[in-house]
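J.: Below is the structure I would like to discuss, written out as C-alpha coordinates.
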Amino acid sequence: MAKDFEKHGLETTSIEGSPGEDTLREPLAESRYHDTDVFGHEEDHEIVYKTLSWQLVAVLMIAEIVSNGMLSLPSSLAVVGIVPGVVLIVFLGVFGLFTSWILIQFKLRHPEVHNMGDAGMIILGPFGREILSAGTIIFAVFATGGQLLAGQIALGSLSNSKLCLMLYTGIFAIPTLLFSLPRTLDQLSWLSIPSVISILIAGIVGMIGAGVSFPLASINVTMNTSFVTAFISITNPVFAYAGHFMFFILISEMKHPTHAMRAAWVLQTFATAFYTVFAIVLYIYVGPTVSSPAFSSLPEKWQKAAYGIAIPNFIIAGSLYAHTAAKLLFVRFFRKSRHLYSNTVLGWGAWIFLVFIMNAAAFVLAVGVPIFNYLIGIAASLFASWYTYGIAGAFWLYDAYTYKGGRSALKSNWPMTGLSLATLAAGAFICVAGTYVTIKQIVDAYKNGLVASPFSCH
(Lines of atoms letter the chains of each structure in order from A and count residues from 1; the text may use other names and numbers.)
(Lines give C-alpha, C1' and ligand atoms only; values in the text may rest on other atoms or scores of the structure.)
Protein backbone atom coordinates (compact mmCIF):
# COMPACT_ATOMS: atom_id res chain seq x y z
CA MET A 1 0.00 0.00 0.00
CA ALA A 2 2.81 2.43 0.82
CA LYS A 3 4.39 1.86 -2.60
CA ASP A 4 1.07 2.53 -4.34
CA PHE A 5 0.64 5.68 -2.31
CA GLU A 6 4.06 7.03 -3.27
CA LYS A 7 3.55 6.03 -6.91
CA HIS A 8 0.50 8.29 -7.09
CA GLY A 9 2.31 11.34 -5.80
CA LEU A 10 1.63 11.10 -2.08
CA GLU A 11 4.11 10.69 0.71
CA THR A 12 3.76 8.11 3.43
CA THR A 13 4.58 8.59 7.09
CA SER A 14 6.24 6.07 9.33
CA ILE A 15 6.78 6.33 13.05
CA GLU A 16 10.33 7.10 14.02
CA GLY A 17 12.09 4.01 15.35
CA SER A 18 9.46 1.60 14.03
CA PRO A 19 10.31 -1.30 11.72
CA GLY A 20 7.49 -0.77 9.24
CA GLU A 21 3.94 0.19 8.52
CA ASP A 22 2.35 -2.64 10.51
CA THR A 23 3.36 -1.08 13.83
CA LEU A 24 1.36 1.21 16.04
CA ARG A 25 0.62 4.58 14.50
CA GLU A 26 -0.62 7.29 16.82
CA PRO A 27 -1.59 10.86 15.84
CA LEU A 28 1.66 12.69 15.13
CA ALA A 29 3.01 15.56 17.17
CA GLU A 30 2.83 18.84 15.26
CA SER A 31 6.62 19.10 14.93
CA ARG A 32 6.57 15.89 12.89
CA TYR A 33 3.18 16.42 11.27
CA HIS A 34 4.49 19.31 9.14
CA ASP A 35 7.32 17.16 7.78
CA THR A 36 4.93 15.13 5.67
CA ASP A 37 1.70 17.09 5.23
CA VAL A 38 0.72 18.30 1.77
CA PHE A 39 2.00 21.88 2.16
CA GLY A 40 5.14 21.02 4.13
CA HIS A 41 7.25 23.71 5.76
CA GLU A 42 6.19 27.08 4.38
CA GLU A 43 8.91 29.46 5.52
CA ASP A 44 10.02 30.26 1.96
CA HIS A 45 6.64 29.99 0.22
CA GLU A 46 4.98 32.98 -1.44
CA ILE A 47 1.50 31.57 -0.80
CA VAL A 48 1.14 30.29 2.75
CA TYR A 49 -1.77 27.94 3.34
CA LYS A 50 -1.41 26.82 6.96
CA THR A 51 -2.66 29.97 8.67
CA LEU A 52 -6.07 29.00 10.11
CA SER A 53 -6.75 29.02 13.82
CA TRP A 54 -9.26 26.54 15.20
CA GLN A 55 -11.66 29.42 15.81
CA LEU A 56 -11.64 30.37 12.13
CA VAL A 57 -12.00 26.73 11.12
CA ALA A 58 -15.08 26.55 13.35
CA VAL A 59 -16.47 29.63 11.57
CA LEU A 60 -15.76 28.09 8.17
CA MET A 61 -17.44 24.85 9.20
CA ILE A 62 -20.54 26.65 10.46
CA ALA A 63 -20.72 28.91 7.37
CA GLU A 64 -20.55 25.86 5.11
CA ILE A 65 -22.86 23.49 7.01
CA VAL A 66 -25.43 25.74 8.72
CA SER A 67 -27.05 27.12 5.60
CA ASN A 68 -30.03 26.43 3.38
CA GLY A 69 -30.16 22.81 4.57
CA MET A 70 -31.72 23.90 7.85
CA LEU A 71 -34.71 25.40 6.02
CA SER A 72 -36.04 21.89 5.30
CA LEU A 73 -35.99 20.73 8.93
CA PRO A 74 -39.39 22.09 10.09
CA SER A 75 -41.07 20.20 7.24
CA SER A 76 -39.39 17.01 8.49
CA LEU A 77 -41.12 17.47 11.85
CA ALA A 78 -44.40 17.92 10.00
CA VAL A 79 -43.92 14.54 8.32
CA VAL A 80 -42.88 12.32 11.26
CA GLY A 81 -44.07 14.35 14.26
CA ILE A 82 -42.24 16.62 16.66
CA VAL A 83 -40.78 13.96 18.97
CA PRO A 84 -39.26 11.62 16.36
CA GLY A 85 -38.12 14.63 14.34
CA VAL A 86 -36.30 16.28 17.23
CA VAL A 87 -34.78 12.97 18.36
CA LEU A 88 -33.51 12.45 14.80
CA ILE A 89 -31.97 15.94 14.55
CA VAL A 90 -30.20 15.58 17.92
CA PHE A 91 -29.06 12.02 17.24
CA LEU A 92 -27.58 12.89 13.85
CA GLY A 93 -25.80 15.87 15.43
CA VAL A 94 -24.21 13.70 18.12
CA PHE A 95 -23.43 11.01 15.55
CA GLY A 96 -21.78 13.68 13.40
CA LEU A 97 -19.57 14.71 16.33
CA PHE A 98 -18.45 11.09 16.77
CA THR A 99 -17.58 10.72 13.08
CA SER A 100 -15.80 14.10 13.20
CA TRP A 101 -13.53 12.72 15.91
CA ILE A 102 -12.69 9.66 13.81
CA LEU A 103 -11.94 11.76 10.72
CA ILE A 104 -9.71 14.12 12.69
CA GLN A 105 -7.78 11.24 14.29
CA PHE A 106 -7.30 9.70 10.84
CA LYS A 107 -6.01 12.99 9.44
CA LEU A 108 -3.54 13.41 12.32
CA ARG A 109 -2.25 9.88 11.74
CA HIS A 110 -1.93 10.53 8.01
CA PRO A 111 -0.74 14.13 7.47
CA GLU A 112 -0.27 13.45 3.75
CA VAL A 113 -4.07 13.24 3.38
CA HIS A 114 -5.46 16.47 1.94
CA ASN A 115 -8.94 15.33 0.89
CA MET A 116 -11.25 12.33 0.79
CA GLY A 117 -9.53 11.09 -2.36
CA ASP A 118 -6.19 10.84 -0.56
CA ALA A 119 -7.89 8.95 2.27
CA GLY A 120 -9.46 6.62 -0.29
CA MET A 121 -5.97 5.93 -1.67
CA ILE A 122 -4.87 4.75 1.75
CA ILE A 123 -7.72 2.36 2.48
CA LEU A 124 -8.68 1.17 -1.04
CA GLY A 125 -5.79 2.07 -3.34
CA PRO A 126 -6.18 3.90 -6.69
CA PHE A 127 -9.80 2.83 -7.08
CA GLY A 128 -10.71 4.35 -3.73
CA ARG A 129 -8.87 7.53 -4.58
CA GLU A 130 -10.77 8.06 -7.82
CA ILE A 131 -14.18 7.20 -6.36
CA LEU A 132 -13.86 9.42 -3.28
CA SER A 133 -12.29 12.27 -5.28
CA ALA A 134 -15.06 12.16 -7.87
CA GLY A 135 -17.68 11.97 -5.13
CA THR A 136 -16.23 15.02 -3.38
CA ILE A 137 -16.22 17.08 -6.58
CA ILE A 138 -19.71 15.99 -7.63
CA PHE A 139 -21.21 16.65 -4.22
CA ALA A 140 -19.43 20.02 -3.89
CA VAL A 141 -20.65 21.15 -7.32
CA PHE A 142 -24.20 20.02 -6.57
CA ALA A 143 -24.08 21.77 -3.20
CA THR A 144 -22.91 24.94 -4.95
CA GLY A 145 -25.89 24.62 -7.28
CA GLY A 146 -28.14 24.17 -4.26
CA GLN A 147 -26.90 27.47 -2.84
CA LEU A 148 -27.53 29.15 -6.20
CA LEU A 149 -31.11 27.90 -6.08
CA ALA A 150 -31.44 29.21 -2.52
CA GLY A 151 -30.19 32.57 -3.77
CA GLN A 152 -32.66 32.41 -6.65
CA ILE A 153 -35.54 31.90 -4.20
CA ALA A 154 -34.27 34.72 -1.97
CA LEU A 155 -33.92 37.22 -4.81
CA GLY A 156 -37.27 36.18 -6.25
CA SER A 157 -38.92 36.74 -2.88
CA LEU A 158 -37.33 40.17 -2.45
CA SER A 159 -38.39 41.35 -5.92
CA ASN A 160 -41.77 39.60 -6.08
CA SER A 161 -40.40 37.45 -8.92
CA LYS A 162 -40.40 40.29 -11.43
CA LEU A 163 -37.53 38.76 -13.40
CA CYS A 164 -36.96 35.36 -14.98
CA LEU A 165 -35.81 32.95 -12.25
CA MET A 166 -32.84 31.94 -14.40
CA LEU A 167 -31.65 35.56 -14.31
CA TYR A 168 -31.78 35.54 -10.51
CA THR A 169 -29.60 32.46 -10.53
CA GLY A 170 -27.14 34.15 -12.87
CA ILE A 171 -27.03 37.27 -10.72
CA PHE A 172 -26.33 35.15 -7.65
CA ALA A 173 -23.67 33.11 -9.44
CA ILE A 174 -21.43 36.15 -9.99
CA PRO A 175 -20.54 36.91 -6.33
CA THR A 176 -20.37 33.17 -5.63
CA LEU A 177 -17.71 32.86 -8.32
CA LEU A 178 -15.76 35.91 -7.14
CA PHE A 179 -15.68 34.77 -3.51
CA SER A 180 -14.44 31.33 -4.59
CA LEU A 181 -11.25 32.81 -6.07
CA PRO A 182 -8.96 33.29 -3.03
CA ARG A 183 -6.25 30.61 -3.07
CA THR A 184 -6.27 30.05 0.69
CA LEU A 185 -9.12 29.32 3.07
CA ASP A 186 -7.80 31.94 5.46
CA GLN A 187 -9.05 34.65 3.11
CA LEU A 188 -12.47 32.98 2.92
CA SER A 189 -12.61 32.50 6.69
CA TRP A 190 -12.91 36.24 7.33
CA LEU A 191 -15.77 36.41 4.83
CA SER A 192 -17.38 33.52 6.69
CA ILE A 193 -17.80 35.56 9.88
CA PRO A 194 -20.56 37.80 8.42
CA SER A 195 -21.92 34.66 6.72
CA VAL A 196 -22.44 32.93 10.08
CA ILE A 197 -23.92 36.09 11.59
CA SER A 198 -26.33 36.40 8.66
CA ILE A 199 -27.75 32.87 8.90
CA LEU A 200 -28.03 33.15 12.69
CA ILE A 201 -29.94 36.44 12.48
CA ALA A 202 -32.03 35.16 9.55
CA GLY A 203 -33.05 32.14 11.61
CA ILE A 204 -33.96 34.33 14.58
CA VAL A 205 -35.95 36.69 12.35
CA GLY A 206 -37.76 33.68 10.87
CA MET A 207 -38.65 32.39 14.33
CA ILE A 208 -39.84 35.82 15.46
CA GLY A 209 -41.88 36.20 12.28
CA ALA A 210 -43.55 32.84 12.85
CA GLY A 211 -44.23 33.65 16.51
CA VAL A 212 -45.88 37.01 15.91
CA SER A 213 -47.76 36.00 12.76
CA PHE A 214 -49.35 32.69 13.73
CA PRO A 215 -51.05 31.30 16.84
CA LEU A 216 -49.75 28.03 18.25
CA ALA A 217 -50.65 25.38 15.70
CA SER A 218 -52.13 21.96 16.23
CA ILE A 219 -49.06 19.75 16.08
CA ASN A 220 -48.54 16.01 16.05
CA VAL A 221 -46.32 14.28 18.61
CA THR A 222 -45.86 11.35 16.24
CA MET A 223 -47.19 10.56 12.77
CA ASN A 224 -48.07 7.36 10.93
CA THR A 225 -46.69 7.65 7.43
CA SER A 226 -45.25 5.55 4.62
CA PHE A 227 -41.59 4.53 4.53
CA VAL A 228 -40.90 6.69 1.47
CA THR A 229 -42.45 9.80 3.00
CA ALA A 230 -40.78 9.22 6.37
CA PHE A 231 -37.36 8.62 4.89
CA ILE A 232 -37.52 11.86 2.95
CA SER A 233 -37.70 13.57 6.33
CA ILE A 234 -34.57 11.67 7.38
CA THR A 235 -32.56 12.79 4.36
CA ASN A 236 -33.26 16.44 5.22
CA PRO A 237 -31.23 16.50 8.47
CA VAL A 238 -28.58 14.24 6.91
CA PHE A 239 -28.06 16.87 4.22
CA ALA A 240 -28.20 19.66 6.83
CA TYR A 241 -25.16 18.12 8.58
CA ALA A 242 -23.34 17.27 5.33
CA GLY A 243 -20.02 19.05 5.61
CA HIS A 244 -17.54 16.42 6.74
CA PHE A 245 -16.24 15.92 3.20
CA MET A 246 -14.41 19.26 3.65
CA PHE A 247 -12.77 18.43 6.99
CA PHE A 248 -9.47 17.10 5.61
CA ILE A 249 -9.06 20.15 3.37
CA LEU A 250 -9.83 22.51 6.25
CA ILE A 251 -7.46 20.77 8.68
CA SER A 252 -4.70 20.82 6.05
CA GLU A 253 -4.71 24.64 6.25
CA MET A 254 -4.61 24.89 10.05
CA LYS A 255 -1.66 26.30 11.97
CA HIS A 256 -2.26 23.75 14.71
CA PRO A 257 -4.11 20.73 13.29
CA THR A 258 -4.17 19.07 16.71
CA HIS A 259 -6.77 21.72 17.69
CA ALA A 260 -9.22 20.59 14.99
CA MET A 261 -11.48 18.77 17.43
CA ARG A 262 -12.19 22.06 19.19
CA ALA A 263 -13.65 23.40 15.96
CA ALA A 264 -15.71 20.23 15.52
CA TRP A 265 -17.15 20.60 19.02
CA VAL A 266 -18.18 24.19 18.27
CA LEU A 267 -19.70 23.23 14.93
CA GLN A 268 -21.75 20.26 16.08
CA THR A 269 -22.92 21.92 19.31
CA PHE A 270 -24.01 25.08 17.49
CA ALA A 271 -25.60 23.24 14.55
CA THR A 272 -27.48 20.73 16.70
CA ALA A 273 -28.84 23.35 19.09
CA PHE A 274 -29.73 25.85 16.35
CA TYR A 275 -31.34 23.24 14.11
CA THR A 276 -33.42 21.87 16.98
CA VAL A 277 -34.71 25.24 18.18
CA PHE A 278 -35.37 26.49 14.64
CA ALA A 279 -37.25 23.37 13.59
CA ILE A 280 -39.39 23.30 16.75
CA VAL A 281 -40.34 26.99 16.68
CA LEU A 282 -41.26 27.04 12.98
CA TYR A 283 -43.24 23.83 13.29
CA ILE A 284 -45.24 24.70 16.42
CA TYR A 285 -46.30 28.06 14.95
CA VAL A 286 -46.69 27.36 11.24
CA GLY A 287 -47.93 23.81 11.81
CA PRO A 288 -48.19 20.80 9.49
CA THR A 289 -48.40 23.01 6.41
CA VAL A 290 -44.87 24.41 6.92
CA SER A 291 -43.09 24.36 3.57
CA SER A 292 -39.52 23.67 2.54
CA PRO A 293 -37.71 26.09 2.53
CA ALA A 294 -39.36 27.16 5.77
CA PHE A 295 -38.94 30.92 5.21
CA SER A 296 -41.43 30.63 2.33
CA SER A 297 -44.15 29.80 4.90
CA LEU A 298 -43.83 33.22 6.54
CA PRO A 299 -45.91 36.31 5.73
CA GLU A 300 -44.42 38.39 2.93
CA LYS A 301 -42.62 41.01 5.02
CA TRP A 302 -41.04 38.42 7.32
CA GLN A 303 -40.20 36.18 4.38
CA LYS A 304 -38.39 39.02 2.63
CA ALA A 305 -36.55 40.01 5.79
CA ALA A 306 -35.36 36.47 6.53
CA TYR A 307 -34.30 35.72 2.95
CA GLY A 308 -32.60 39.09 2.56
CA ILE A 309 -30.55 38.63 5.73
CA ALA A 310 -29.59 35.06 4.74
CA ILE A 311 -28.17 36.02 1.32
CA PRO A 312 -24.55 36.52 2.51
CA ASN A 313 -24.61 32.99 3.93
CA PHE A 314 -25.94 31.47 0.72
CA ILE A 315 -23.17 33.21 -1.25
CA ILE A 316 -20.28 32.23 1.02
CA ALA A 317 -21.48 28.65 1.49
CA GLY A 318 -21.67 28.27 -2.29
CA SER A 319 -18.20 29.78 -2.64
CA LEU A 320 -16.77 27.36 -0.07
CA TYR A 321 -18.20 24.37 -1.92
CA ALA A 322 -16.85 25.55 -5.28
CA HIS A 323 -13.48 26.38 -3.67
CA THR A 324 -13.33 22.86 -2.23
CA ALA A 325 -13.96 21.17 -5.57
CA ALA A 326 -11.33 23.34 -7.28
CA LYS A 327 -8.81 22.93 -4.43
CA LEU A 328 -8.96 19.13 -4.60
CA LEU A 329 -8.01 19.10 -8.28
CA PHE A 330 -5.49 21.92 -7.94
CA VAL A 331 -3.57 20.17 -5.17
CA ARG A 332 -3.68 16.92 -7.07
CA PHE A 333 -2.26 18.52 -10.22
CA PHE A 334 0.44 20.57 -8.48
CA ARG A 335 1.32 18.60 -5.33
CA LYS A 336 5.07 18.96 -4.70
CA SER A 337 5.25 21.64 -7.41
CA ARG A 338 6.26 25.27 -6.94
CA HIS A 339 3.01 26.26 -8.69
CA LEU A 340 1.17 25.18 -5.56
CA TYR A 341 2.77 27.81 -3.34
CA SER A 342 4.23 30.42 -5.73
CA ASN A 343 2.61 33.22 -7.71
CA THR A 344 3.25 31.69 -11.12
CA VAL A 345 1.24 32.34 -14.27
CA LEU A 346 0.51 28.63 -14.64
CA GLY A 347 -0.54 28.27 -11.01
CA TRP A 348 -2.92 31.21 -11.02
CA GLY A 349 -4.22 30.42 -14.50
CA ALA A 350 -5.02 26.83 -13.52
CA TRP A 351 -6.63 27.94 -10.27
CA ILE A 352 -8.90 30.55 -11.90
CA PHE A 353 -9.85 28.06 -14.62
CA LEU A 354 -10.79 25.35 -12.08
CA VAL A 355 -12.82 27.76 -9.97
CA PHE A 356 -14.65 29.00 -13.06
CA ILE A 357 -15.40 25.45 -14.26
CA MET A 358 -16.84 24.42 -10.87
CA ASN A 359 -19.07 27.47 -10.64
CA ALA A 360 -20.13 27.20 -14.29
CA ALA A 361 -21.05 23.55 -13.84
CA ALA A 362 -23.12 24.40 -10.76
CA PHE A 363 -24.92 27.19 -12.64
CA VAL A 364 -25.70 25.06 -15.70
CA LEU A 365 -27.01 22.23 -13.52
CA ALA A 366 -29.13 24.60 -11.42
CA VAL A 367 -30.86 26.28 -14.36
CA GLY A 368 -30.66 23.63 -17.06
CA VAL A 369 -31.72 20.44 -15.28
CA PRO A 370 -35.43 20.50 -14.36
CA ILE A 371 -35.02 17.81 -11.70
CA PHE A 372 -31.89 19.37 -10.16
CA ASN A 373 -33.51 19.68 -6.71
CA TYR A 374 -34.03 15.93 -6.75
CA LEU A 375 -30.51 15.30 -8.03
CA ILE A 376 -29.18 17.18 -4.99
CA GLY A 377 -31.08 14.64 -2.89
CA ILE A 378 -29.48 11.77 -4.81
CA ALA A 379 -26.02 13.33 -4.41
CA ALA A 380 -26.63 13.75 -0.68
CA SER A 381 -27.75 10.13 -0.39
CA LEU A 382 -24.85 8.75 -2.41
CA PHE A 383 -22.08 10.86 -0.92
CA ALA A 384 -23.12 12.74 2.24
CA SER A 385 -24.30 9.48 3.78
CA TRP A 386 -20.73 8.17 3.48
CA TYR A 387 -18.64 11.29 3.98
CA THR A 388 -20.59 12.47 7.03
CA TYR A 389 -21.27 9.08 8.57
CA GLY A 390 -20.42 5.74 6.99
CA ILE A 391 -16.84 6.06 5.80
CA ALA A 392 -15.53 7.21 9.18
CA GLY A 393 -16.09 3.64 10.40
CA ALA A 394 -13.93 2.31 7.56
CA PHE A 395 -11.12 4.72 8.48
CA TRP A 396 -11.06 3.59 12.11
CA LEU A 397 -11.20 -0.11 11.20
CA TYR A 398 -8.38 0.32 8.68
CA ASP A 399 -6.04 2.03 11.14
CA ALA A 400 -6.86 -0.39 13.96
CA TYR A 401 -6.32 -3.43 11.75
CA THR A 402 -3.22 -2.14 9.94
CA TYR A 403 -1.31 -0.44 12.74
CA LYS A 404 -2.56 -1.92 16.00
CA GLY A 405 -2.35 -5.65 15.60
CA GLY A 406 -4.86 -6.94 13.03
CA ARG A 407 -7.84 -8.96 14.17
CA SER A 408 -6.64 -9.13 17.76
CA ALA A 409 -6.75 -5.32 17.94
CA LEU A 410 -10.31 -5.29 16.59
CA LYS A 411 -11.38 -7.91 19.13
CA SER A 412 -9.67 -6.25 22.09
CA ASN A 413 -11.27 -2.89 21.27
CA TRP A 414 -14.67 -4.41 20.52
CA PRO A 415 -16.75 -1.34 21.55
CA MET A 416 -15.10 0.86 18.90
CA THR A 417 -15.12 -2.01 16.41
CA GLY A 418 -18.86 -2.39 16.94
CA LEU A 419 -19.49 1.35 16.64
CA SER A 420 -17.40 1.54 13.47
CA LEU A 421 -19.28 -1.36 11.89
CA ALA A 422 -22.58 0.26 12.91
CA THR A 423 -21.38 3.51 11.35
CA LEU A 424 -20.63 1.71 8.10
CA ALA A 425 -24.04 0.04 8.18
CA ALA A 426 -25.80 3.35 8.86
CA GLY A 427 -24.02 5.00 5.94
CA ALA A 428 -24.98 2.13 3.64
CA PHE A 429 -28.62 2.21 4.75
CA ILE A 430 -28.95 5.99 4.29
CA CYS A 431 -27.24 5.72 0.90
CA VAL A 432 -29.47 2.97 -0.48
CA ALA A 433 -32.77 4.07 1.07
CA GLY A 434 -32.17 7.76 0.36
CA THR A 435 -31.35 7.08 -3.29
CA TYR A 436 -34.44 4.89 -3.64
CA VAL A 437 -36.91 7.40 -2.20
CA THR A 438 -35.41 10.28 -4.20
CA ILE A 439 -35.69 8.33 -7.46
CA LYS A 440 -39.29 7.53 -6.57
CA GLN A 441 -39.90 11.25 -6.03
CA ILE A 442 -38.54 11.96 -9.51
CA VAL A 443 -40.81 9.34 -11.06
CA ASP A 444 -43.84 10.73 -9.22
CA ALA A 445 -42.96 14.30 -10.23
CA TYR A 446 -42.88 13.33 -13.92
CA LYS A 447 -46.16 11.42 -13.56
CA ASN A 448 -47.86 14.44 -11.98
CA GLY A 449 -46.48 16.94 -14.50
CA LEU A 450 -44.47 18.82 -11.88
CA VAL A 451 -41.20 18.92 -13.84
CA ALA A 452 -40.49 22.17 -15.68
CA SER A 453 -38.64 22.45 -18.96
CA PRO A 454 -34.86 23.05 -19.06
CA PHE A 455 -33.71 26.66 -18.65
CA SER A 456 -37.23 27.65 -17.64
CA CYS A 457 -38.08 31.06 -16.17
CA HIS A 458 -40.65 29.52 -13.83
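Every residue gets a Cβ built from N, Cα and C, even glycine.
Values in this document were obtained by computation on a predicted structure and should not be read as measured data.
What TrEMBL records for 1-10 is compositional bias 'Basic and acidic residues'. The feature domain 'Amino acid transporter transmembrane' is assigned by TrEMBL to 51-439. Under the heading region 'Disordered', TrEMBL lists 1-24. Marked as transmembrane segment by TrEMBL: 52-71, 77-104, 131-153, 165-181, 188-214, 226-251, 263-285, 305-324, 345-368, 374-398, 419-439.
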J.: Could you pull out which residues elsewhere in the chain have a CB under 8 Å from any CB of the transmembrane segment (345-368), counting only those six or more residues past its ends?
T.: 137, 140-142, 144-146, 148-149, 152, 166, 169-170, 173, 176-177, 180-181, 183, 318, 321-323, 325-326, 329-330, 333-334, 338-339, 375, 454-455
J.: As a test: from 52-71, 131-153, 226-251, 374-398, pick the stretch that has the greatest number of Cβ pairs under 8 Å with the transmembrane segment (305-324).
T.: 131-153
J.: Please indicate, using numbers and ranges, the residues of the same chain that are 6 or more beyond the transmembrane segment (131-153) and have a C-beta under 8 Å from a C-beta there.
T.: 67-68, 71, 115-117, 119-120, 124, 165, 168-169, 172-173, 176, 242, 245, 293, 296, 307, 310-311, 314-315, 317-318, 321-322, 324-325, 328-329, 332, 358-359, 361-363, 365-366, 372-373, 375-376, 379-380, 382-384, 386-387, 391
J.: Per the definition of 3+ C-beta pairs under 8 A with sequence separation of 6 or more, do the transmembrane segment (419-439) and the transmembrane segment (226-251) touch?
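T.: As far as Cβ distances go (cut-off 8 Å, pairs 6 or more apart), the transmembrane segment (419-439) and the transmembrane segment (226-251) touch.
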J.: Per the definition of 3+ C-beta pairs under 8 A with sequence separation of 6 or more, do the transmembrane segment (374-398) and the transmembrane segment (52-71) touch?
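T.: They are not in contact.
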J.: Residues sitting near the transmembrane segment (226-251): Cβ under 8 Å, six or more positions beyond its termini, same chain?
T.: 52, 57, 60-61, 64-65, 69-70, 72-73, 75-77, 79-80, 85, 88-89, 92-93, 96, 99-100, 103-104, 107, 113-116, 118-119, 135-136, 139-140, 143, 185, 257, 260, 263-264, 267, 271, 275, 292, 320, 324, 327-328, 376-377, 380-381, 383-385, 387-389, 392, 430, 433-434, 436-438, 440-441
J.: Hey, which bits of the same chain come close to the transmembrane segment (77-104), Cβ under 8 Å, at least six residues off its ends?
T.: 219-223, 225, 229-230, 232-234, 237-238, 241, 244, 247-248, 251, 260-261, 264-265, 267-269, 271-272, 275-276, 279-280, 283-284, 287-290, 388-389, 392-393, 395-396, 419-420, 423, 426
